[in-house]
(Lines of atoms letter the chains of each structure in order from A and count residues from 1; the text may use other names and numbers.)
(Lines give C-alpha, C1' and ligand atoms only; values in the text may rest on other atoms or scores of the structure.)
Protein backbone atom coordinates (compact mmCIF):
# COMPACT_ATOMS: atom_id res chain seq x y z
CA UNK A 1 0.00 0.00 0.00
CA UNK A 2 2.73 2.49 0.98
CA UNK A 3 4.81 1.68 -2.10
CA UNK A 4 1.85 2.55 -4.32
CA UNK A 5 1.33 5.78 -2.36
CA UNK A 6 5.04 6.60 -2.67
CA UNK A 7 4.94 6.02 -6.42
CA UNK A 8 1.78 8.06 -6.98
CA UNK A 9 2.34 10.88 -4.49
CA UNK A 10 5.72 11.22 -2.77
CA UNK A 11 7.83 10.38 -5.83
CA UNK A 12 6.21 13.29 -7.70
CA UNK A 13 6.93 15.77 -4.92
CA UNK A 14 10.14 17.56 -4.08
CA UNK A 15 11.95 15.17 -1.67
CA UNK A 16 12.35 17.73 1.09
CA UNK A 17 8.70 18.80 0.84
CA UNK A 18 7.61 15.15 0.98
CA UNK A 19 9.82 14.67 4.05
CA UNK A 20 8.18 17.60 5.85
CA UNK A 21 4.70 16.37 4.91
CA UNK A 22 5.35 12.86 6.25
CA UNK A 23 6.92 14.41 9.33
CA UNK A 24 3.78 16.47 9.94
CA UNK A 25 1.54 13.41 9.68
CA UNK A 26 3.68 11.48 12.16
CA UNK A 27 3.63 14.35 14.64
CA UNK A 28 -0.14 14.74 14.30
CA UNK A 29 -0.79 11.02 14.79
CA UNK A 30 1.16 10.84 18.02
CA UNK A 31 -0.89 13.69 19.53
CA UNK A 32 -4.11 11.64 19.39
CA UNK A 33 -4.04 9.13 22.31
CA UNK A 34 -6.31 6.49 20.77
CA UNK A 35 -4.60 6.70 17.39
CA UNK A 36 -1.05 6.53 18.74
CA UNK A 37 -1.93 3.54 20.93
CA UNK A 38 -3.43 1.73 17.95
CA UNK A 39 -0.51 2.60 15.64
CA UNK A 40 2.12 1.56 18.19
CA UNK A 41 0.34 -1.74 18.84
CA UNK A 42 0.25 -2.44 15.10
CA UNK A 43 3.64 -1.10 14.02
CA UNK A 44 5.86 -1.42 17.09
CA UNK A 45 5.29 -4.96 18.40
CA UNK A 46 7.65 -6.10 21.14
CA UNK A 47 9.63 -9.31 20.81
CA UNK A 48 11.14 -10.39 24.13
CA UNK A 49 14.02 -12.15 22.41
CA UNK A 50 15.16 -8.86 20.84
CA UNK A 51 15.64 -7.01 24.13
CA UNK A 52 19.04 -5.38 24.03
CA UNK A 53 21.47 -3.88 26.51
CA UNK A 54 23.97 -1.44 25.04
CA UNK A 55 25.83 1.61 26.31
CA UNK A 56 24.51 0.79 29.78
CA UNK A 57 20.95 1.27 28.47
CA UNK A 58 18.07 -1.17 28.08
CA UNK A 59 16.18 -1.15 24.80
CA UNK A 60 13.21 -3.05 23.38
CA UNK A 61 15.45 -4.12 20.50
CA UNK A 62 18.59 -3.23 18.56
CA UNK A 63 16.99 -1.27 15.72
CA UNK A 64 16.97 2.53 15.74
CA UNK A 65 16.54 5.61 13.60
CA UNK A 66 19.78 7.16 12.35
CA UNK A 67 20.46 10.87 12.75
CA UNK A 68 19.22 13.16 10.01
CA UNK A 69 15.49 12.45 10.02
CA UNK A 70 14.54 14.29 13.22
CA UNK A 71 17.10 17.08 13.35
CA UNK A 72 15.35 19.17 16.00
CA UNK A 73 13.88 16.64 18.46
CA UNK A 74 10.28 17.26 17.44
CA UNK A 75 9.15 13.72 16.57
CA UNK A 76 10.84 11.37 19.03
CA UNK A 77 7.58 9.81 20.22
CA UNK A 78 6.31 9.60 16.66
CA UNK A 79 9.33 7.59 15.58
CA UNK A 80 9.07 5.36 18.67
CA UNK A 81 5.41 4.80 17.73
CA UNK A 82 6.62 3.49 14.35
CA UNK A 83 8.86 0.91 15.98
CA UNK A 84 12.29 2.49 16.38
CA UNK A 85 13.89 1.24 19.59
CA UNK A 86 16.18 4.23 19.81
CA UNK A 87 15.98 7.59 18.06
CA UNK A 88 19.10 9.60 17.28
CA UNK A 89 18.26 13.26 16.79
CA UNK A 90 20.38 15.82 14.99
CA UNK A 91 22.82 16.63 13.76
CA UNK A 92 22.61 19.61 16.15
CA UNK A 93 25.18 22.40 15.93
CA UNK A 94 26.31 24.93 18.52
CA UNK A 95 24.42 27.74 16.78
CA UNK A 96 21.25 27.58 14.66
CA UNK A 97 21.82 27.51 10.91
CA UNK A 98 19.67 27.19 7.78
CA UNK A 99 21.88 24.66 6.02
CA UNK A 100 22.80 24.76 2.37
CA UNK A 101 20.64 26.37 -0.34
CA UNK A 102 17.80 24.28 -1.77
CA UNK A 103 17.54 22.03 -3.77
CA UNK A 104 19.65 19.83 -1.48
CA UNK A 105 17.97 16.42 -1.21
CA UNK A 106 17.70 13.98 -4.13
CA UNK A 107 16.14 10.55 -4.54
CA UNK A 108 17.89 7.90 -6.61
CA UNK A 109 14.83 5.66 -6.75
CA UNK A 110 16.36 3.11 -9.14
CA UNK A 111 19.22 2.64 -6.68
CA UNK A 112 17.12 2.88 -3.51
CA UNK A 113 19.42 5.67 -2.42
CA UNK A 114 19.47 9.34 -1.46
CA UNK A 115 21.97 12.12 -2.02
CA UNK A 116 21.85 14.99 0.43
CA UNK A 117 23.79 18.18 0.94
CA UNK A 118 21.54 19.51 3.68
CA UNK A 119 24.41 21.10 5.59
CA UNK A 120 23.27 20.51 9.18
CA UNK A 121 20.11 22.66 8.99
CA UNK A 122 18.85 22.79 12.58
CA UNK A 123 17.55 25.04 15.35
CA UNK A 124 20.84 25.06 17.29
CA UNK A 125 21.89 23.49 20.57
CA UNK A 126 20.15 26.01 22.85
CA UNK A 127 16.72 25.57 21.26
CA UNK A 128 17.01 21.79 20.95
CA UNK A 129 18.16 21.48 24.57
CA UNK A 130 15.14 23.50 25.72
CA UNK A 131 12.84 21.30 23.63
CA UNK A 132 14.29 18.12 25.12
CA UNK A 133 14.09 19.56 28.65
CA UNK A 134 10.37 20.35 28.27
CA UNK A 135 9.50 17.02 26.64
CA UNK A 136 7.05 14.67 28.36
CA UNK A 137 7.69 11.24 26.80
CA UNK A 138 4.71 9.24 25.59
CA UNK A 139 6.71 6.13 24.69
CA UNK A 140 9.80 4.81 26.43
CA UNK A 141 12.63 5.04 23.94
CA UNK A 142 16.34 5.75 24.08
CA UNK A 143 17.28 9.19 22.75
CA UNK A 144 20.70 9.81 21.24
CA UNK A 145 21.91 13.31 20.40
CA UNK A 146 24.24 13.76 17.43
CA UNK A 147 26.34 16.96 17.49
CA UNK A 148 28.32 18.62 14.72
CA UNK A 149 30.25 21.79 13.89
CA UNK A 150 28.54 25.08 13.11
CA UNK A 151 29.45 25.95 9.53
CA UNK A 152 30.75 29.48 10.20
CA UNK A 153 33.02 28.33 13.03
CA UNK A 154 36.61 28.00 11.79
CA UNK A 155 38.16 24.54 11.96
CA UNK A 156 40.65 25.70 14.60
CA UNK A 157 37.74 26.74 16.86
CA UNK A 158 35.71 23.57 16.32
CA UNK A 159 36.46 22.10 19.75
CA UNK A 160 34.80 25.02 21.54
CA UNK A 161 31.74 24.73 19.31
CA UNK A 162 31.32 21.01 20.05
CA UNK A 163 31.90 21.63 23.77
CA UNK A 164 29.13 24.24 23.83
CA UNK A 165 26.71 21.74 22.29
CA UNK A 166 27.80 18.95 24.63
CA UNK A 167 27.31 21.09 27.74
CA UNK A 168 23.83 22.10 26.64
CA UNK A 169 22.62 18.75 25.32
CA UNK A 170 24.30 16.08 27.48
CA UNK A 171 21.81 16.51 30.37
CA UNK A 172 18.98 15.50 28.01
CA UNK A 173 20.75 12.73 26.08
CA UNK A 174 20.80 9.01 26.77
CA UNK A 175 23.95 9.03 24.65
CA UNK A 176 25.97 11.62 22.70
CA UNK A 177 27.49 11.25 19.22
CA UNK A 178 30.31 13.38 17.84
CA UNK A 179 29.73 13.69 14.10
CA UNK A 180 32.97 14.39 12.24
CA UNK A 181 32.00 12.58 9.07
CA UNK A 182 29.36 14.55 7.16
CA UNK A 183 30.68 15.61 3.75
CA UNK A 184 28.45 18.69 3.66
CA UNK A 185 30.27 20.97 6.12
CA UNK A 186 33.59 22.27 4.75
CA UNK A 187 36.58 20.89 6.66
CA UNK A 188 34.51 18.68 8.95
CA UNK A 189 36.00 15.38 7.79
CA UNK A 190 39.48 16.72 8.55
CA UNK A 191 38.53 16.27 12.21
CA UNK A 192 38.59 12.48 11.71
CA UNK A 193 42.41 12.58 11.65
CA UNK A 194 43.56 11.29 15.03
CA UNK A 195 45.67 14.38 15.80
CA UNK A 196 42.50 16.51 15.52
CA UNK A 197 40.08 13.90 16.86
CA UNK A 198 41.96 13.22 20.12
CA UNK A 199 41.59 16.73 21.63
CA UNK A 200 38.04 17.03 20.29
CA UNK A 201 36.77 13.80 21.84
CA UNK A 202 38.63 14.47 25.10
CA UNK A 203 37.09 17.93 25.38
CA UNK A 204 33.56 16.68 24.62
CA UNK A 205 33.96 13.90 27.19
CA UNK A 206 35.03 16.44 29.84
CA UNK A 207 32.18 18.78 28.89
CA UNK A 208 29.58 16.02 29.19
CA UNK A 209 30.99 15.02 32.59
CA UNK A 210 30.84 18.63 33.80
CA UNK A 211 27.26 19.03 32.60
CA UNK A 212 26.01 15.74 34.06
CA UNK A 213 27.41 14.57 37.38
CA UNK A 214 24.75 12.05 38.41
CA UNK A 215 25.50 9.61 35.57
CA UNK A 216 28.01 9.04 32.80
CA UNK A 217 26.57 9.97 29.40
CA UNK A 218 27.87 7.45 26.83
CA UNK A 219 29.94 9.07 24.07
CA UNK A 220 30.31 7.74 20.52
CA UNK A 221 31.94 8.96 17.33
CA UNK A 222 30.44 8.60 13.85
CA UNK A 223 32.88 7.91 11.01
CA UNK A 224 32.79 8.02 7.21
CA UNK A 225 32.88 4.99 4.91
CA UNK A 226 35.51 6.79 2.82
CA UNK A 227 38.27 6.45 5.42
CA UNK A 228 41.26 4.37 4.35
CA UNK A 229 41.58 1.08 6.23
CA UNK A 230 44.57 2.34 8.23
CA UNK A 231 42.55 5.39 9.31
CA UNK A 232 39.67 3.15 10.42
CA UNK A 233 42.19 1.25 12.54
CA UNK A 234 43.57 4.51 13.96
CA UNK A 235 40.10 5.73 15.00
CA UNK A 236 39.34 2.33 16.54
CA UNK A 237 42.56 2.41 18.56
CA UNK A 238 41.92 5.99 19.66
CA UNK A 239 38.37 5.16 20.76
CA UNK A 240 39.64 2.36 22.97
CA UNK A 241 42.48 4.49 24.33
CA UNK A 242 40.15 7.37 25.27
CA UNK A 243 37.53 5.09 26.79
CA UNK A 244 34.87 5.99 24.25
CA UNK A 245 31.66 4.01 24.52
CA UNK A 246 31.14 3.33 20.85
CA UNK A 247 31.65 3.97 17.15
CA UNK A 248 28.90 4.44 14.57
CA UNK A 249 29.83 3.03 11.16
CA UNK A 250 29.10 4.65 8.82
CA UNK A 251 27.92 8.05 7.60
CA UNK A 252 27.20 8.83 3.93
CA UNK A 253 29.79 8.45 1.16
CA UNK A 254 31.14 10.94 -1.37
CA UNK A 255 32.11 8.04 -3.65
CA UNK A 256 30.15 7.29 -6.80
CA UNK A 257 32.45 4.91 -8.67
CA UNK A 258 32.14 1.18 -8.11
CA UNK A 259 28.71 1.38 -6.49
CA UNK A 260 26.77 0.04 -9.47
CA UNK A 261 24.56 3.12 -9.67
CA UNK A 262 21.90 3.01 -12.40
CA UNK A 263 20.17 6.36 -11.86
CA UNK A 264 20.62 9.16 -14.38
CA UNK A 265 24.13 10.68 -14.55
CA UNK A 266 22.64 14.07 -13.67
CA UNK A 267 21.30 12.69 -10.38
CA UNK A 268 24.38 10.62 -9.61
CA UNK A 269 26.53 13.69 -10.22
CA UNK A 270 24.80 15.81 -7.58
CA UNK A 271 27.17 16.99 -4.86
CA UNK A 272 26.56 15.54 -1.40
CA UNK A 273 26.62 12.40 0.68
CA UNK A 274 25.08 9.25 -0.78
CA UNK A 275 23.14 6.91 1.51
CA UNK A 276 21.02 3.82 1.01
CA UNK A 277 21.51 0.47 -0.67
CA UNK A 278 24.72 1.25 -2.62
CA UNK A 279 26.50 1.96 0.68
CA UNK A 280 25.80 -1.53 2.04
CA UNK A 281 29.03 -3.32 1.12
CA UNK A 282 31.49 -0.64 2.28
CA UNK A 283 29.65 0.07 5.55
CA UNK A 284 29.65 -3.64 6.33
CA UNK A 285 33.35 -3.86 5.47
CA UNK A 286 34.20 -0.99 7.84
CA UNK A 287 32.08 -2.56 10.59
CA UNK A 288 33.85 -5.91 10.27
CA UNK A 289 37.22 -4.20 10.37
CA UNK A 290 36.27 -2.27 13.49
CA UNK A 291 35.03 -5.36 15.31
CA UNK A 292 38.19 -7.28 14.41
CA UNK A 293 40.13 -4.39 15.96
CA UNK A 294 38.12 -3.62 19.10
CA UNK A 295 36.09 -6.77 19.78
CA UNK A 296 33.65 -6.31 22.62
CA UNK A 297 35.58 -3.50 24.30
CA UNK A 298 33.27 -0.83 22.87
CA UNK A 299 29.80 -0.82 21.32
CA UNK A 300 29.56 -0.72 17.54
CA UNK A 301 26.52 0.65 15.72
CA UNK A 302 25.98 -0.51 12.13
CA UNK A 303 24.33 1.89 9.68
CA UNK A 304 24.48 2.44 5.94
CA UNK A 305 22.48 0.46 3.39
CA UNK A 306 20.37 -1.38 5.98
CA UNK A 307 17.11 -2.24 4.20
CA UNK A 308 15.93 -5.62 5.49
CA UNK A 309 16.00 -7.75 8.61
CA UNK A 310 18.61 -9.88 6.84
CA UNK A 311 20.80 -6.77 6.44
CA UNK A 312 20.41 -6.00 10.15
CA UNK A 313 21.23 -9.60 11.06
CA UNK A 314 24.35 -9.41 8.89
CA UNK A 315 25.45 -6.27 10.77
CA UNK A 316 24.95 -8.01 14.10
CA UNK A 317 27.05 -10.98 13.01
CA UNK A 318 29.69 -8.49 11.83
CA UNK A 319 29.92 -6.89 15.28
CA UNK A 320 27.07 -4.40 15.65
CA UNK A 321 25.18 -4.41 18.94
CA UNK A 322 22.85 -1.76 17.56
CA UNK A 323 21.67 -1.21 13.98
CA UNK A 324 20.26 1.99 12.48
CA UNK A 325 18.47 2.97 9.29
CA UNK A 326 17.06 6.02 7.58
CA UNK A 327 17.10 5.95 3.75
CA UNK A 328 15.13 2.69 3.51
CA UNK A 329 12.43 4.25 5.71
CA UNK A 330 11.76 6.71 2.88
CA UNK A 331 11.17 3.85 0.44
CA UNK A 332 9.54 1.30 2.78
CA UNK A 333 7.33 3.61 4.84
CA UNK A 334 5.65 3.18 8.24
CA UNK A 335 5.56 -0.62 8.19
CA UNK A 336 9.34 -0.88 7.93
CA UNK A 337 10.01 -1.04 11.68
CA UNK A 338 7.46 -3.82 12.14
CA UNK A 339 9.01 -5.85 9.30
CA UNK A 340 12.50 -5.37 10.72
CA UNK A 341 11.49 -6.57 14.19
CA UNK A 342 9.51 -9.54 12.92
CA UNK A 343 12.30 -10.59 10.57
CA UNK A 344 15.04 -10.20 13.16
CA UNK A 345 13.13 -12.22 15.74
CA UNK A 346 12.58 -14.99 13.17
CA UNK A 347 16.24 -14.90 12.14
CA UNK A 348 17.39 -15.24 15.75
CA UNK A 349 15.06 -18.21 16.32
CA UNK A 350 16.48 -19.96 13.26
CA UNK A 351 20.08 -19.33 14.34
CA UNK A 352 22.31 -21.35 16.68
CA UNK A 353 22.46 -18.39 19.10
CA UNK A 354 20.41 -18.22 22.29
CA UNK A 355 20.45 -14.41 22.42
CA UNK A 356 21.23 -11.47 20.18
CA UNK A 357 24.25 -10.73 22.35
CA UNK A 358 25.66 -14.17 21.51
CA UNK A 359 25.36 -13.37 17.80
CA UNK A 360 27.23 -10.04 17.94
CA UNK A 361 30.47 -10.43 16.00
CA UNK A 362 30.05 -14.18 15.53
CA UNK A 363 31.05 -14.12 11.85
CA UNK A 364 34.20 -12.10 12.55
CA UNK A 365 35.24 -14.34 15.45
CA UNK A 366 34.67 -17.39 13.26
CA UNK A 367 37.19 -16.16 10.70
CA UNK A 368 39.77 -14.69 13.06
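Quick reminder: no glycine exception, Cβ is built from N, Cα and C everywhere.
Record features (Swiss-Prot):
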BINDING   67, 68, 69, 70, 71, 91, 146, 179, 222, 250, 276, 305, 326, 327  FMN binding site
BINDING   71, 116, 117, 118, 119, 120, 179, 184, 251, 252  substrate binding site
ACT_SITE  182  active site, nucleophile
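Known features from Swiss-Prot, placed on the structure.
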residue: 67; record: FMN binding site; CB count, 10 Å: 27
residue: 69; record: FMN binding site; CB count, 10 Å: 22
residue: 71; record: FMN binding site; CB count, 10 Å: 21
residue: 119; record: substrate binding site; CB count, 10 Å: 21
residue: 146; record: FMN binding site; CB count, 10 Å: 26
residue: 179; record: substrate binding site; CB count, 10 Å: 26
residue: 182; record: active site, nucleophile; CB count, 10 Å: 25
residue: 222; record: FMN binding site; CB count, 10 Å: 25
residue: 276; record: FMN binding site; CB count, 10 Å: 25
residue: 326; record: FMN binding site; CB count, 10 Å: 20
Open item on the list: Near residue 182 (active site, nucleophile) in space, meaning Cα within 10 angstroms, which of the binding-site residues do we find among 69, 119, 222?
Closed with: 119, 222
- [ ] Find the shortest Cα-Cα separation between residue 276 (FMN binding site) and the binding-site residues 117, 119, 179, 251, and name the residue that gives it.
- [x] 251
Open item on the list: Quiz question: given the binding-site residues 117, 251, which has the greatest number of C-beta atoms lying within 10 angstroms of its own C-beta?
Closed with: 251
Task: Distance, residue 69 (FMN binding site) to residue 117 (substrate binding site) (CA atoms, angstrom) - done: 14
Task: Within 10 angstroms of residue 146 (FMN binding site), Cα basis - binding-site residues out of 119, 179, 251 - done: 179
Task: Cα distance (Å, whole number) from residue 71 (FMN binding site) to residue 251 (substrate binding site) - done: 15
TODO: Using only the residues recorded as binding FMN (67, 68, 69, 70, 71, 91, 146, 179, 222, 250, 276, 305, 326, 327), report the maximum Cα-Cα distance in Å, whole number please.
DONE: 20
Task: Assigned element (helix, strand, coil) containing residue 119 (substrate binding site), judged by DSSP - done: coil
Open item on the list: I need the CA-to-CA distance for residue 119 (substrate binding site) versus residue 222 (FMN binding site), whole Å please.
Closed with: 16
Open item on the list: Residues other than 71, 116, 117, 118, 119, 120, 179, 184, 251, 252 within 8 Å, Cβ to Cβ centroid, of the substrate site?
Closed with: 68, 91, 99, 182, 183, 185, 272, 273
- [ ] Measuring Cα to Cα, tell me the gap between residue 179 (substrate binding site) and residue 67 (FMN binding site) in whole angstrom.
- [x] 10
